[in-house]
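Below: the structure, in C-alpha cells.
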Amino acid sequence: MEEKIIVSSTSRWLLLLLICALNGYLAQKNTDPNPNSGWTFSKQESFVAFSPNLTLEQDQEIMFSFRTQSPNGLLFCHLVEHFNQSVHPLLRNYHFCAELSHGFLQVKYSLNQISDVMNLGKALNDDSWHSVDIFLETTSGKLEVTLDDLPSTSIYLRAYTQFADVKAILDWTRLRSVVSFAGLTHAVAVDHHQFIGCLRSLKYRELIDVTWEVSPTIVMQATPGCQDLCQGENPCGEGRCVNLYTSVHCDCSLLDREGDKCQYSNITAVTLHGYEWLTYQLYSEEEKTLRDRNRFSLQFKSDRGSGVLLYAVGSIDAGRSLEQYHSHVIASVHQGTVKASVAFGDDILEQTMGIGVDDSRWHNLTIVHERVKVEFYLDGVRYVHETVNDMYYLGLDPIIYIGGGKKFVQTLGLQVRQNFVGCLKNVYINDHSVLYELRNNHSFSQLHGNTDIRYGCHRVANISLTFPKSKSFLYLSGYSDRTFSVQFDFRTVRETAILLSAKINTVDSFGYQVKGFFEVWINNTLPMIKFVRSMYYDSIANTTLLHVNVSDNQWHTLSFQLKDGQVKISVDNLSLPSFSTGNGSTLVKTIEIGYGYSRIYAEHEGFVGCIRNLVIQKQFLDPINLMERAPTGGYQSGLILDGCKLVNYCLVHQHCQHGGRCLSDWDGVSCDCSSSAYQGKYCQFSRYHQSCDSYFQSGWRRSGVYVIDVDGSGPVEPTYVSCQMGISTEGDYYGQTVVEHNLHNLTKVRGTTLPDIRLRLTYRGMGFVQLQQLTKTSAWCEQYVQYRCLNAPIGLGNLTNFKSIDGGVVQYIGEAGTAFTPGCSKGTCNCDDESLVAQEDSGFNRIKSQLPIGEVTVYQYTDFSTPDSRGTLTIGPLKCWGNTESLSSSSVTFVTEDSFLKLPGWVYGDLKFSFRTHQKQALLLYQSSSNGDWFKVTLEAEDAIKMEMQIKGKPVLEEILDADQPVNDGEWHRVTLELSAHEVRCGLDSQRRIVAIPFHNNITFDGLLYLGGKLYDHGSYHNLPGLAGCVKGLVYNGKLRNLTYDVYDDMPNILSGCRPRCSPDPCQNGARCVEMWNDYRCICTNEWAHSGQSCEININNNAVTVTGDSEAFFDLRVSSNPLEMEERIVFSFRTQMYRALIFYMYDELNNFIQLEVVESRKLRFTRNNFQQIFYKDIEVPGITQPTWKQVVLEPSKIIVDGEVTFLGLSNNKMETGYSTDPFANEEETVKPSRPAEKLPPFLRLYLGGTPANVTTLEKFTGCIRGFKIGDHPIDLQKNSQDIAGIHRGCKKGCNVNLCLNGGTCMERWGEGLYECDCSRSNFAGKQCELEASGIFTGQSVVHYEFVPYGEAAKTNTEQFSFIFKTNCSEKTMVMLMIFSKTKGDYIMISLSNRFVRALWKQGNNLFEEKLKGYFCTGTAHKFIYKRQGEEMWIKAADIHSIDQSDWRKKFTTRTYLENMNMVLVGGLIPELTINMEQKYGDSNQTVNFTGCISEVTYTPVKRESNIVIQPMKELRDLKNGSITVHGPEVLQCSPVDYHDPSQTTVPTTLFPTTSTHPTLGVTMPPWNIGGPRVYIIGKGNNITSPRPTTTTTPTTTTSMTTEPVITSAYFPTTEQGPTNVTLVLGQIITDTVSYITILIVSSVVTLMCLISVLIAVVMKRLRKGYVTYDVRKKYLDDFEMKEPLNHSMETYSPIPPPPKKDIHIATWDEFSMVSATLGPNKKKQNGIAPGKVHTLPADLKNTDYPVQTTFLPEDASLKYPVYNRKKNRPASSISEVLEEMERQQKAKELGVDPEQIEDPKSHGEGELEWDPLVDRTPLTLGIHHDTIYEVCIFISLTSCIGANSCYRNQWWGSLCKSLTSLLFSTLSSLFCLVNNADISSCLLLLCCGNIFGTDSTCTKEVDLILLVFYFFVLYYFVLMSLALIGIISVKMLYDSHFSNFPFDCCLSAFSRKEIFKLLSEIWKRGGLKLIVMSVGCQIEAVIE
C-alpha cells in the first residue's frame, strides 16, 4: 500500500509543530500519573528486595510493570539464600527469574541441572509501560506468563516431571529465599544485566488467592517513583528531550542544529571521495534487539549518478521458537534517482524518488518506521507504505554503513555498490547525530577508508587508484588496434617497478607473425621502456631510459602511444626517442597496469604507489567504476581507494638489516633480501645454518660444499665451507666443518740458508671472528700438525712456537689418551734428538681454545750438521663437528607417556630443542602463564609438528611444519623457534617458516615450562599423550640447560642420557625397531618372509636359479593332505620371460591351481571350479624387469608386491568321483598324466616347469626364493641338489644397470652375466654406448632398405625425426630421404642457409614447405615430421627449445604412401637423382650433407610403435645386412651432450641412512691460495743474506681426507709464474700478477696523464696569479709523532732569533720522516757540542724564542720558525707545524687575524711525548700503533729500506731504488688519505722518501689535496709506468737475457687489487677533474 503526499515548503513548519505536539502528548502519556509509585533504577547494582514466606503447597505469582529503553536488564529473580549442603543434600542451585534479553521478555526456571526458558514479546524496550504476570502452579509445575493484554503463555517445567518430589528438594519450611527486582542481592551464578528504568505495581501472592503489594525490605540505590529527567524546563531548548533515566539526550534532527543541547547552528558536513565511508554503532552485539520505531535521515549533495547512502541489514531473531527473518534499510543514488528500501522478512517496501539528484545541490532524505507504516521523504515529498507482515520489527546488525562500505553482501534492494562521492550533513540515526559525534570523537561514529577527515563540502576531483602491494594490478581488455594510447599520472617511492605492460603482434626477421610485448618500467628511479619482439624465441630486449627521477613521491605524467609501428613514450613532457616495432604491429587485446603479463618478476618489482587521471584511447576511466566493475574482460586485484596516503617509510625507519634494500609499502616497510644471505621481513634471519653439523642434524646427509653463517643472524657474513657428513663420535653421527688455509703441506721452514721467519696463516673464507665462533659453538675440533726433520730439531717453546688465532701459545703437537698428554712437547719430540735420519713429530691438536693455529714462529737451529739439514711443516685444515647446544650428554629419556619435567619458565630469547621418538602424537613442550597465555609444541603426525601460542587471550601463532621425512623414526629431530620483532621463524629440521606475529619480541609467560608433557586431573593435555623418547639440546633464556641436572632418584620414569633399546638396532633383515625405551618390538619389513622376535628368520635366503633346461624344474610331493592347497602360498621370483609357467599344484582328484606369466606384463592365476576352469589376469608393472616380485596367494585374493587383487573366482573342489578327463569341455594348458585308478591322497607341485608332454607352456627361467605353503617352507636348495639346470642361490648380472643411454639389462641366468638390449634406444653396442649418429663429409650416404609389412606397407600417418648439426654450405644439402623403390614416391628433407625444406612427392603430386630460421650455427637442431591424413605438420628448432616451438601446418592429400622401403641418410645416390625433378636432383644446386646426423627414427604407422625404422642405429649395430654405406666410412659423432641418469654416482657417506637430501647446490668460489704471509724476523745463524731461498719443488692443495695427505714441499718458485716479493722491514709480501695487466694499465694511465698535462697548460693561460698559504699557527701541542724533531742527547745553547719575521716554510730536509724518526746528526752546529742541555729563558716573548740550529734552513731567506702558541715555544715537530698551518689558513679564509682563532684541541692532547731513550722497541708494521700517522711514518721509512734492498751494484739498481722509493712514498700518502688523515700531514709524508720530491706552492683555489693527487699521478704513474712499459716489453721479448732481473722486487705494488683500489679511491674523491687541476697546479708552479 502506498500513499503519496506533496508537502509544500510553507507547510513544513506546520508539520514541525504537529510533530512537536505529538511528542509532547506522548511524553505526557508515558509520564507516570503517580510519580511517587514504583521505583527508578539508574545506577549499577541498584535493586529492591524482600523475603517471602513460602509454604510447601503454596503456588507462586509475581506481578509488576516496567518501562525502559535498555534491551537487556533483570526484572526480578527469586533465589535461595545461603544454605547448608548437608541439610539439603538434594539441592544444588535454584533460581526463578525474568529479564529483558534483546528486547524480549525471558522467563527462566532452573533447578539443579535442569532449566526451562520462555520468550515472549518483542521490542519491549520502547520506553512504554508493560505489565507482566507470572504464575507457577507448584503442584503440576505449570508456568503461565501474561504480558500486557496478550493471551497468556504456559509450559510445564521439566524439573517437575523429571524430579520425583520437587518439594523435597525445595523445602521452603527450612530454606530462606529472597525476591529481588532490577538486580541481585548477593553473588550467585546467574548471568544478568542491570535493569535501567522504572518498575511499579510490584505484587506477590503469598497465601492462596491473596496478592499484596510488595514492600521492599532492602532498597539499594533505587529512587522512589518513576523519575522523568525531561520534566520541567526543556534542557534541549527547541529540541526534543529523551529521558535515558541516567541522563538526558537531545534530539536536534528537526531543528537544523546540533550539539549536546542543540546549541550549534553551524552544521557539520563531510566530503567523501569514494573510498571513505562512515559507520555508526547502533548498539553493541549483546544489546542487539528488535525495534518497531526507527528513523533515518540525511542530507546529501553530489554530481555523480550512483552511490550508496545508507546500508543497514540484519536478521530478526524472535527467540528459540521463531525463525529468523531478514530485515534491512537501504538507500542509494542510482542513475540520478534515489532508491530506498525497507525489508520485513519477505515483504520488501521499495521506493524510487527524485530525478537528477546528481545536480550538485543539497537533497534531504528521511525514512521513518512506525510499526507497520514506513514513510519515505525526499525534499518534502512523502511516500507512505505499510507492511503486510506481522513481523513489522527491524532487527538490524549493530553497525550501520553511511556513504558506502567495503565488500557489501549481495542484498535485495541494493541497486549499486559504489561508494558515495560528494557531501553529507545532518546524518541522524534515530535521535543521534552521526557527524556531530564523529567530530567530537565519540566511539560510536567512525570514518573508514581514510585517516584524515575532510570536514566541509568540497568538490571531489583527481581520485586516485592505490596499488598497495607489489602484486596489485589493473587488467584491462578489449584493445585491439594498430593505434593505441594510454596516459596517466603516477606517484611512487619505489626505485624499481613495472608500470605498464601489453602484448603486441608484430613480425619477426623472417616475416612470420609473432607475439611480443612491451613494458614500461621504473629502473633505478628512471623511466624505461622495454620491447621484446617475440616472447617464445630468444629475442633481444630493446630498452631505453629517460633520465628523470620519478621515485620522489611526486606526481608524474606518463604518456604512451603506439601508432604505425612506432612507440613513443614521454614523462612530464620529456620524450624518449621513438622506436619501431614493425609495420602492422597491433595491440593484443589486453594491457596491464602495475604488473606484467608473465608473472615471473621478482616479488618486489610490482608497482607500489598511486595512479590517477587514467585515459586509454582518449577515454577517461573512472577509478570508482573500475573498482566496482572493470570494463568487459578486465579485472583488478588488490587495488584500493584511499586518497593515495603514500609515505616513504624508508626515510622514517631503516629496519632492513644485513644489507637488505628498504622497500616502502603502504603500511610500513618491507625489505628486499634477494641480494643478501638473510630472509624475513627485515632480513633478520640468516638463510643458512651455523655449521655443517647444523645442516646434518636438519636432515642434510650428502657431503659437499655448503654455505654456513657461524653467528646466525649476527653481523658476520656467511662463508663457504666443505662439509663431511656422517662423522661418528661417541655413538652419534655429526656433520664436520672443514676449513682450509694457505700453508701448503711440507712447507720448508728450517734449513741452512733460511732466515728466522714468522708465518701467518689465512683461512679460506674465514676471519678471526668466524673461526673463534666456529670453535666456540662446536663440540669437538681438531687440527693435524706434522713436523718432518733431518737434523733440524723442532725445539717447541724455544726454536718453534705455535700461536692460535686469538694469540694463545701452543707448545705441543698432538695428544694421546683420554687425559691430555701431548704427543710432542718440550724435550719429548722425536726431532729433538738431532739425528741424521729423517724423523717426524705429528698428531692432532684437539683443545678447542687453542685452535686453529694462526701463526708459526721458526728460529733457525744454531748448529746444522749437514747442508741437507731441513725441517718441513704441515698443518692440516681445521675440522670441527658437533654442537655444544645439542650434545647427547645433556639429554634425558622419558620412559613412559605420563612422565615430564617441570623447568623454570621461558621468558626471553630463542627456544630450541631436539627430540627422538616413535610416537605419532605427543605433547613435546608446554609453557604456562598465570595470565592464561601459553605456548606449546605438539607432535601432530608422524611427519609434522605444530606450534601454538596465545598472547593476551588471543592466538598469535598456529603453525604446522611438515618434515621431509617421518619424525617418529627414532632419530634426532631439531625444533627451533627464533624470535624477532614482528616475526618468528619456526623450524623443524630443514623446514623453516617465517610467521608474522602481532607482538614485538615480548614474551609474557611467567609460569613453568613443562618438557615432555603436562598432565591434568583427568588425563593428559587435550587427550595428547606425553613424550616417550629422548630430549636434548634445550636452549632458552639465552643458554643451554643441562637436563641431566633436573633428573632425580625419585623419578623412575625419567632417566639421564638417551637410552634407546633400538640403538644398536637389534632387529634384522631391515625390520623397523619400535622403541619402547625400556623394551623394543621389531616390525618386519616383509611380514610374509621374515619372522622371529627380531625378524631374524628370512626364508628368502633359500633361493635357486632355474636355467630353463628341459630337466630344470621341481617335482615335489609337498603333502599327503590335499587341504593344504587352500593354505596361503608365499614365494618370490624374478625373470625376464614374457611367458612362462611358474608353478602347477594338483591333488589326487585333479583339483589344481596354476600360476604363469603371460603377455610380458601379467600374472595369470588359474583354478578349477568342479569340472570348470576359471582364470584371472593380474597386471604387474615391470614383471619382466630383473627385480624380485613377491607373490602371496590366498583362496580369495592375490598380493603382488603389496598390491591386492581380489580373485572373484568360484572355489568348489571336486571331493568325490575320480576321472581321467575331468575337464573334458575345458582347455587345459597343463595336463599331467592321470592314472586309471585313483591314488591315495597327495598334493603334488611342479615348480619352474613340468615334465615333457605335460604342457606347451615355456619353462620358467629365472630365480625363485622363499617358497612357503601355509607355515611350512620348502627347502629349495636342498631339493635342487640332484636336479640339473637348477643352481643354489641367485647370481644377478644386472646388479647395476650397466647398459647406457636407456638400454635394458638382460640377465644370463645362472652365470651372473648380462647382455644389453638397445632396441628401445638410439644407441648401439655391447652396452648401448655407441650413439646412432654419423659424421657426413658430403661424400657419404647411408643406404638402408627394409620390408614394410602389415599396415606399414600403406600408410598416411607416417612420422619421422632426426637431429642434425652443421655449418652449411653455399648449396642446398640433402639430409634425409625416405623412398619407395616401386612407386617412386619420396619424402626429402634438405637444408640451406636460411631454411629447412620438406619435399613430399606422391604420384604426380608434389608438395613443398619451408621453415625459415638459422640452422647453420654449428649447434644441434631437431627436425620433426608427422602426417595425419591430408594434414602434414613439420617443425625444426634448437634441440633445447624444440618442445616449445610452433608446428607448421601444410595440407597435402589423403592419398596413402605405399611400400616406402628405403631410407637415405646424408644425401642422394646417383640412381635416384635420375627420376627426380631437375632442381632437386641437379648436383650443381643440391649436394650431399656435411655435418653430423643422429637419432634418425621413422615410424610408418602412428599407432604401431613396434614398427620403428632406425637406420643409423642399424649402422652401429652391424646386425643388418640391408645397410650400405656409399662413400667413405661414416664415423660416430655426438651433436648433443647426453646425460645418462643411470650413471649418476651418489657420493658415499659414513652415515648409515637412506636419506638423499640434496646439498645446497653450490660450489666453492675460487681462491688464490698463494701462501701465508712470511715475516723475516732475523738473519738466522748460517746465512749471509736476509733474502729467503726458494726451492723448485711444485706444490699441491691440501687434502680433504681425515688423515693428512703428504704432498711435495712448498716455497714460492718461478715455475708458479711471476711472483712479486718485496722486502719491507722484515716482511715478505707475495702476490702473483700478469705482465699484460701491468702493461695495459700503465699505458692507459700514462695516456691520461699526458692529456692532463695538456689541459693544465691551457688552464695556466687562464690564470691571473696565485697567493701562497699563510701557515703561521700558535698554541698547538705535539700531535701524533709524540717526538720533537730535535730529540737528542746533545745540549745546545740558545741562539737569538733573527730580527726579520718571515713566514717559515719547512724544506724537505728539515721535515724528512727519516730525520724525524732517526733524529738529527750528532755533530756540532753553530758551535754547540752534542750532549749539552738546551734551555729556554722564561721571560722571552713570542718573537724572542731561540731557534734550534737543527731547524735552520739552508735557504737564508727562510729563517723564522713556526711558533707553537699553546706550548709557548717554537714548533718542534711536524704535527705542530701542520696544525699551525691549518689555523692560519682558516684565519685567512675567514678574513680575521690569526690571533683571534681559537686553538683546536690537539690530537692526543694530554699524552706524554715519546722518549727515545725509554722506548727502544724496534719499528715493525702492525695494527696497534696509536695513530694513523705513525703507520704513515713507518711506511715511508720502508721506502728507503726497500729501495736499498734491491740490487745496488747493477745498472738497473738505481732505477729500482728510485721507483721503489717513489712507490712507497705515494702509498704512504694515500694510506693517510683513505683513512681520513690530515691532508697537510699526508702531503709532507709524500715528500719524505721521494727522491724526486720538491717543494711547491698552490693557489687558494686548489686545496692541498690536489697536490697529493699531483704526486700520485704525475710521479707515480708517469715515471713508473714509462719505466715499467720499457722493462716489461724487454722482458717479454728477451726473457732469457733478463732471467736475473729482480722483477719480484720492482713490481710488487702492481697487484690488481692495489691498482684498482687506488684508482677507485681517486675517482670517488674527485676523479679526473682533481687530477687535471693538480697537474695544472704543479705546472703553474714550475712556470712561475
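Each position is counted from 1, following the chain as shown.
Each residue, glycine too, has its Cβ placed from N, Cα and C.
Given the structure is predicted, the values throughout are model-derived calculations rather than measurements.
Copied over from TrEMBL, here are the features:
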SIGNAL    1-27  signal peptide
DOMAIN    37-236  domain 'Laminin G'
DOMAIN    267-457  domain 'Laminin G'
DOMAIN    463-644  domain 'Laminin G'
DOMAIN    646-684  domain 'EGF-like'
DOMAIN    890-1058  domain 'Laminin G'
DOMAIN    1059-1096  domain 'EGF-like'
DOMAIN    1103-1290  domain 'Laminin G'
DISULFID  CYS1263-CYS1290  disulfide bond
DOMAIN    1291-1329  domain 'EGF-like'
DISULFID  CYS1299-CYS1316  disulfide bond
DOMAIN    1333-1533  domain 'Laminin G'
REGION    1580-1599  region 'Disordered'
COMPBIAS  1584-1599  compositional bias 'Low complexity'
TRANSMEM  1635-1659  transmembrane segment
REGION    1787-1809  region 'Disordered'
TRANSMEM  1904-1930  transmembrane segment
Short question: which residues 6 or more past the ends of the domain 'EGF-like' (1059-1096) have a Cβ under 8 Å from it?
731, 893-896, 916-918, 970, 1028-1030, 1130, 1132, 1190, 1192, 1266, 1268
Counts of helix, strand and coil residues, the domain 'EGF-like' (1059-1096), according to DSSP:
0 helix, 10 strand, 28 coil
Which residues, sitting 6 or more apart from CYS1316 (disulfide bond) on the same chain, put a CB under 8 Å from its CB?
LEU1298, CYS1299, GLY1303, THR1304, CYS1305, MET1306, GLY1325, LYS1326, GLN1327, CYS1328
Within the same chain, where does the domain 'EGF-like' (646-684) have neighbours whose Cβ lies under 8 angstroms from its own Cβ atoms, ignoring anything closer than 6 residues to its ends? I mean 6 or more beyond.
466, 468-469, 491-494, 553, 602, 604, 608-610, 707, 709, 713, 715, 717-718, 980-983, 985, 994, 996
Averaged over the whole of the domain 'EGF-like' (646-684), what is the pLDDT?
85
Do we see three or more Cβ pairs under 8 Å linking the domain 'Laminin G' (1333-1533) and the domain 'Laminin G' (463-644), pairs being at least 6 apart in sequence?
yes
Sequence-distant contacts of the domain 'EGF-like' (1291-1329), meaning Cβ under 8 Å and at least 6 residues beyond its ends, amount to 1105-1108, 1136, 1186, 1261-1263, 1494-1495, 1497, 1510, 1512-1513, 1516-1517, 1538, 1540, 1542-1543
CYS1263 (disulfide bond): tally of other CB atoms within 10 A of its CB:
24
Mind checking how the domain 'EGF-like' (646-684) divides into helix, strand and coil residues in DSSP?
4 helix, 12 strand, 23 coil
Between CYS1290, CYS1299, which of the disulfide-bonded residues has its C-beta surrounded by the fewest other C-beta atoms within 10 Å?
CYS1290
What is the three-state DSSP composition of the domain 'EGF-like' (1291-1329), stated as helix, strand and coil residue counts?
0 helix, 12 strand, 27 coil
